[in-house]
């Protein structure tokens, strides 16, 4: 039965309309959300248009047992209250901008700080906390795919200009997941740095920590940070430090030299001008699963879930520190405040592009050198 609105309800409607027009809240908050599956035999990926998020990735182990290898939740509502960025696309500018401010073309911009006076992963709400539209969903084909889009308005979290954003997830070949991110600046120059923030545990999301897993990172330099994880502007070698994974090591063999764990941007090696370079290879001895990541981005944030604590995840399993690892390919953090870092500025009419390819293998082998 329809119930006519009271004066109070009308007042609330007027206020909400004003907030939407003024850019104080996102108009996409009230759109429908859903779970979408891409399936290719024994390999399947589940996603939601809340935050363009990877919810699950199912892979067999060396004995044929299929398990979910990413951290996450059982319901979309739980993702809406998440503070870990499980599986989401983060932006408009991923990672941190020091002091939540920058100057571009002579204009100073003050952003909406959400971490110790700095801005992290685009602010609150960032791209991880809005509903994306489903532009295309093809599941009954050789390469199942889904495309999400989002319109970021001029002034959202303090960033200049309207930005049209698109991300496509697709299964290509056996055990390969491709992520294609694009963004077009419509009317003002603006920084753009999108990242995919999945927490991986190749032993299974509920298998404990990732410290016994091996990793090789194809980055011989890092961008060191201060106590608030803001880059100093320097670029230094990993040689002789706990950050040296130029050869495969277990995470636990190196992490003891750090107070909390890994949360650092690596400057990726690789041939300049090459479209895609290898970022890292991760290997789990017990399950036989390995993951190789390639990208066309200049950097990758290696994060070992240091601040995950008592997070109730899928099936009621409780995630703790180091329950998963993130490999967030990206532009360098705080690049808008460091001229020696690769520029992230996208001018009107230009298109930002960022590609990733996750290639999984299931083999009873302990040698990473040939991967």
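Note: Cβ is positioned from N, Cα and C throughout, glycine not excepted.
According to TrEMBL, the feature active site, proton donor maps to 197.
Within its own chain, residue 328 (active site, proton acceptor) has 90, 94, 95, 195, 196, 197, 300, 301, 303 as residues 6 or more apart in sequence whose C-beta sits under 8 angstroms from its own. According to TrEMBL, the feature active site, proton acceptor maps to 328.
Proximity of residue 263 (beta-D-galactose binding site) to non-local residues of its own chain (separation of 6 or more, Cβ distance below 8 Å) is seen for 229, 301, 302, 303, 304, 306, given in sequence order. The beta-D-galactose binding site feature in TrEMBL is assigned to 95, 96, 197, 198, 199, 263.
The signal peptide annotation in TrEMBL covers 1-27.
When the record's beta-D-galactose-binding residues 95, 96, 197, 198, 199, 263 are compared pairwise by CA position, the greatest distance found is 18 Å. Long-range C-beta contacts of residue 198 (beta-D-galactose binding site), restricted to its own chain and to partners at least six residues apart, with a cutoff below 8 Å, comprise 54, 57, 70, 71, 86, 87, 326. A sphere of 10 angstroms centred on the C-beta of residue 95 (beta-D-galactose binding site) encloses 28 other C-beta atoms.
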